[in-house]
Amino acid sequence: MKHLLKLADLTSEEIYGILNLADQLKYERKNNIGHPYLKGKKLGMIFQKSSTRTRVSFEVGMYELGGNALFLSDRDLQIGRGEPIKDTIRVLSRYLDGIMIRTFAQQDVEDLAKYGSIPIINGLTDYCHPCQVLADLMTIREYKGGFKGLKLCFVGDGNNMANSLIVGGIKTGMEVSIACPDDYRPDPDICEWARKNGTLNVTSDLFEAVRDADVVYTDVWASMGQEGEKAIREKVFKNFCVNKELMAHAKADAMVLHCLPAHRGEEITDEVFEAHAQEIFDEAENRLHAQKAVLVKLLKQ
Ligand code: CP
Ligand code: NVA
């Protein structure tokens, strides 16, 4: 494993390897056992979109591993004034040991890996969010003890989260269902791959998708960059809300996950969110542990 550009690039064994290391790092942190595996290493973090969790967990993660992280906003970088990404990365490769980037086009992340000579980590694109789903898988395993035989249901837009959850769910042997409006389905190539490699059901029928689910996941109706579509999306997604009535169709012990930030009263009710706050904030915490595991796998010599 040289980069983390998308989960599809990882084998199931590599995913389990990251999750196992993440569990170990979580245990060590809880027990004040230092783990400076990346002493002296420097991570650049390029942000072309906002972030709370990704920025702080990567920065804290590098610090805890004995290294440093540099926050690079495109408002300040020359990228924002038109310097090509393929030039930027050839320069940054001379200074840094790795790059985490949050941006719009998946192609930009792939180009960093192509033109640079250091590991690249995808911190979210319009296409996928692999770091989030590694933390999600870690959380599911903590609560459910494993993945086999579980049904993972995503309710909402067939967006970056849906795409990565399908790949992560199938690669760990879960059954995946997606409830979304017909015109907002996940990436067709990912769906085709998933159907060949496991069980995927994409439907506009929320109750069918949620039936007997072990994990119910949701995300915002309008992602970053889609602010202009907010009004139309509010109409289209009106019924795509994880509420008590919908949860009654999932298994009685179903967990609810949300990548955050959440819009209560839109994709999830305050009641369901608060009833599952423990899982949701464990999930947010696990971003730190899962990403530290990714950093160690990629940056440790
Ligand atoms: N879930 C997630 O990636 O959060 P941020 O946008 O705050 O980084
Ligand atoms: N789908 C959301 C996820 C945020 C973590 C977005 O892209 O804005």
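Glycine residues also receive a Cβ, built from the backbone N, Cα and C atoms like all the rest.
Binding site for L-ornithine per TrEMBL: D219, S223, M224, plus N160 from the candidate set N160, N163, N286.
Site annotation for carbamoyl phosphate in TrEMBL covers S51, T52, R53, T54, Q78, R102, H129, P130, C131, Q132, C259, L260, and the matching candidate from R29, R233, R287 is R287. Put plainly, the binding-site residues S51, N160, S223 were compared by Cβ crowding within 10 Å, and the winner is N160.
By the rule that a residue counts when its Cβ sits under 6 Å from some atom of ligand 2, the binding-site residues S51, R53, Q78, C131 yield nothing. It is 10 Å from the Cα atom of M224 (L-ornithine binding site) to that of S51 (carbamoyl phosphate binding site).
According to DSSP, the domain 'Aspartate/ornithine carbamoyltransferase carbamoyl-P binding' (2-142) comprises 72 helix, 21 strand, 48 coil. In this structure, the CA atom of C131 (carbamoyl phosphate binding site) is 15 Å away from the CA atom of D219 (L-ornithine binding site). Cα-Cα distance from R287 (carbamoyl phosphate binding site) to N160 (L-ornithine binding site): 16 Å (rounded to the nearest whole number).
Taking the binding-site residues H129, R287 in turn, the residue surrounded by the fewest other Cβ atoms inside 10 Å of its Cβ turns out to be R287.
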